[in-house]
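J.: Below you'll find the structure I mean.
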Amino acid sequence: MSLLVFVGVKYVNKLASVFLACVIVSIVSIYVGALVSAFKPPQFPVCMLGNRTISRHEILDDQCGKTMLTQIKDQGEMGDYNTTSNETSTLGPTFDPSLAPPLTEKTTHLWKQFCHGTEINSSCDEYFLSNNFSQIKGIPGLASGVISDNLWSAYLSKGAVVEKASLSSSHVSPPASTQQPYVFADITTSFTLLVGIFFPSVTGIMAGSNRSGDLKDAQRSIPIGTIMAILTTSLVYLSSVVLFGACIDGVLLRDKFGDSVEGNLVVGTLAWPTPWVIVIGSFFSTCGAGLQSLTGAPRLLQAIAKDNIIPFLRVFGHGKANGEPTWALLLTALIAELGILIASLDLVAPILTMFFLMCYLFVNLACGLQTLLRTPNWRPRFSYYHWTLSFLGMTICLALMFISSWYYAIVAMVIAGMIYKYIEYHGAEKEWGDGIRGLSLSAARYALLRLEEGPPHTKNWRPQVLVLLKLDEDAHVKSPRLLTFASQLKAGKGLTIVGTVVSGNFLQNYGEALAAEQTLKHLMDKERVKGFCQCIVAQKPREGISHMIQSSGLGGMKPNTVVMGWPHAWRQSEDPQAWKTFINTVRVTTAAHLALLVPKNISLFPNNSEPCSEGYIDVWWIVHDGGMLMLLPFLLRQHKVWRKCGMRIFTVAQMEDNSIQMKKDLATFLYHLRIEAEVEVVEMHDSDISAYTYERTLMMEQRSQMLRQMRLSKSDREREGHPGSSSSSRTEAGGAARSQAQVVKDRNSMLRLTSIGSDDDDDTDGGERERASNAGGNGGGGGEREREGGRGGGRGSTEHHRRVQMTWTKEKSSQYRAAHSGCSTPEGFRDMLSMRPDHSNVRRMHTAVKLNEVIVNKSHDARLVLLNMPGPPRNTDGDENYMEFLEVLTEGLERVLLVRGGGGEVITIYS
């Protein structure tokens, strides 16, 4: 058959009509034979012992009985008894009936099967002695009323004797021995087994769909042909079952191999006019079904291989020039041959049943889901279709799978799941639509709407991260370790959005935005971060970041934490936009009530292939931030990189604080939070403001004033736009500005410091203290201590909060603008060096320096240091001072994570 299909499908189509005609003739002959049996039943005897069926293969002498009467076979005696001799007679010897030999009773061959000898008086089986042999009609006919006996089920267990319940039998029924000539059941029968055997007879329902490419009008032919085929075959199968039950005795129906009739065809005996009609019809029916499978299955396999849905099947997509699936046909023929070699329909049928039912289950599921999801492109032509029919069919298929064989069903479902995940993992080159995707969209919509019903509880809080990355001129990510850190923080869980801003106009830079998005996706794949990309095109980066923070996410799945990098070398940069964008982002996250994480020295953070074998994660809890500083180390330690790191929590106390009680309270708080960490209280002594602190503050203000005036002069020159200005004047002014900047830079390098800061004025600082006071016993101490430190700095200089009069005034600013020279002259620079620092800046610098000394002393060898990040100043004129304060606070630390809470509690003692 494989060779015939290989030659061409057109020859199969020509032979299909011949095969179909033979099958129809066979079916008609069965119906005619059933009607004829009502008047003249065929002779088809079945031997019974009591109510037990006897195998005809064991009746060698064709005697269904215990004994038989035979004549004496001795030739001498037979001559004396049977003939008389008359020598004178010309007629010869004559036969005399009165002289016939006597009959003797001898045992049959069945006697030997039940007894220990051939003698009449030998010991025999008890059931054999108690019951007699009889013969019943195997096919009593349509008018016999045998259907009343066959109407109810009579399942057998393996090794049980096939019995006829209506026949009389001895009450003594010892278990039958397999050595005796009974007909035994070779398997345990049940409804599930019958379904598994019967189901393959109706597996041609997808034949039309499998050959849709060869049909002229598939949309019209498939529905009509499939429905008519189902109705026809169902009518034939059901009517045949009823006719067999009405014409054939139950013991013969349950005799699987026909042992009781010596292996003769039961249906062939019933058919009219000859059993050969059934033999020929069965042969051609089998050939037709085989050709149908060998024609449809390879084409389906070839289509799957061509679409590259399953990559390792790609080789089966090739075929002959006319499109015949050569390789797919060879694989199909090999699988069919394996089924033939098994040589047991009982073993093959359940396997076929599982995969056909699985196929029908998914077809029904796909149709039902498409209807429920109201997919616009799902437009079935069948007018009487309803989604309940699909789900009813799916339920029946699933039930039949487990009814037929629960272990085969589980294996089939596991195989189907593995194939699905394999396809999902490798991805298909051609996307034909996925009903599961539509279901996922509906489920996502439902879940998002549920999240909008109310604010999340603190115990459900988890970081939903927005990672802000910056790209260079070649569209490469400048700090890829930011994404690595985010993946370690998330440990593969929760929402992650990776965003960047492309400067320019959207209409002109749309291609660059797509390229940037692809770069982010590749980086996410490399770092194995599951999440989304977002690229915004804006004229100014700070505006784009602000828009991204406002618009990222959807509904309850909005980011609650922003991760951004520290602007490196911000003091040496001629363009202040980098650090101004940084501070603006801090303000935006604060206004949006989002948490902010700023890793400093991100290039020194470990990647995912560099786990820390030892060390500590140090938390410096200065101001209560809703528990972010407590939660972040716990989340980091869930990742393999930080798993072996211990956790230490430091808090700062003044001299008047009870350090022992503070440590006890903090340890109790951590115990209730179920967080294991070492607790240490560090005492900070009040001290006078050192000359170093005073000098550092003065340098900071001088630099800020100089850069501010340089920007003012530049803007004035651009606004004035004197075309007559000589290029030599501009060059001279620029050289003077660069020399002034170099002097400040050299002094900074000589002091070898970096900084981090706090608020601009007392109102902002008071706001920090107000947030700290809301923390309670454990968290509020940090804010109180920060306030005390500030007071100590103030006492070192003066008791009143006042500002030192600077040499740079508004009057001088007006004069400089009028002269268009700014502070470009050496005289203006010398005047600026004579200024005195602001008292509040000195106080804050003193606090930052003292706190940095304590942190470096305790955490210089820590793997990671977590610090509270002060808020930016309300007055934008102090932005540069804010950056300096931040630098001072983190000086001498290798890895620092600045943390600013979102204003709400993120950790609770309740689980």
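Glycine residues also receive a Cβ, built from the backbone N, Cα and C atoms like all the rest.
What TrEMBL records for this protein is below:
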- 713-722: compositional bias 'Basic and acidic residues' (COMPBIAS)
- 188-466: domain 'Amino acid permease/ SLC12A' (DOMAIN)
- 480-597: domain 'SLC12A transporter C-terminal' (DOMAIN)
- 613-717: domain 'SLC12A transporter C-terminal' (DOMAIN)
- 841-911: domain 'SLC12A transporter C-terminal' (DOMAIN)
- 709-804: region 'Disordered' (REGION)
- 15-39: transmembrane segment (TRANSMEM)
- 182-202: transmembrane segment (TRANSMEM)
- 222-248: transmembrane segment (TRANSMEM)
- 327-345: transmembrane segment (TRANSMEM)
- 351-372: transmembrane segment (TRANSMEM)
- 384-401: transmembrane segment (TRANSMEM)
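Describe the structural context of these features.
T.: Proximity of distant same-chain residues to the transmembrane segment (15-39), defined by a Cβ-Cβ separation under 8 Å and at least 6 residues beyond the stretch ends, is recorded for 4, 139, 141-143, 236, 239-240, 243, 246-247, 267, 270-273, 277-278, 280-282, 284-285, 287-288, 291.
Sequence-distant contacts of the transmembrane segment (182-202) (same chain, six or more residues past either end, CB-CB distance under 8 Å): 49, 52-55, 153, 155-162, 176, 230, 233-234, 237, 251, 254-257, 259-260, 345-346, 349-350, 352-353, 356-357, 400, 403-405.
Listed by sequence, the residues of this chain that lie at least six past the ends of the transmembrane segment (222-248) yet keep a Cβ under 8 A from its Cβ atoms are 27, 30-31, 34, 37, 138-142, 144, 146-147, 150-151, 198, 201-202, 204-205, 207-209, 212, 215, 266-267, 270, 381-382.
Residues 195-196, 199-200, 203, 205-206, 378, 380, 385-387, 390-391, 393-394, 397-398, 400-401, 404-405, 408-409, 411-413, 416, 435-436, 438-439 of the same chain lie 6+ residues outside the transmembrane segment (351-372) yet bring a C-beta within less than 8 angstroms of a C-beta in it.
Below 8 angstroms of C-beta separation, residues 195, 199, 353-354, 357-358, 360-361, 364-365, 367-368, 371-372, 408-409, 412-413 of the same chain, each at least six residues beyond the ends of the transmembrane segment (384-401), sit close to that stretch.
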J.: If you average pLDDT over the domain 'Amino acid permease/ SLC12A' (188-466), what do you get?
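T.: Residues in the domain 'Amino acid permease/ SLC12A' (188-466) carry a mean pLDDT of 83 in this prediction.
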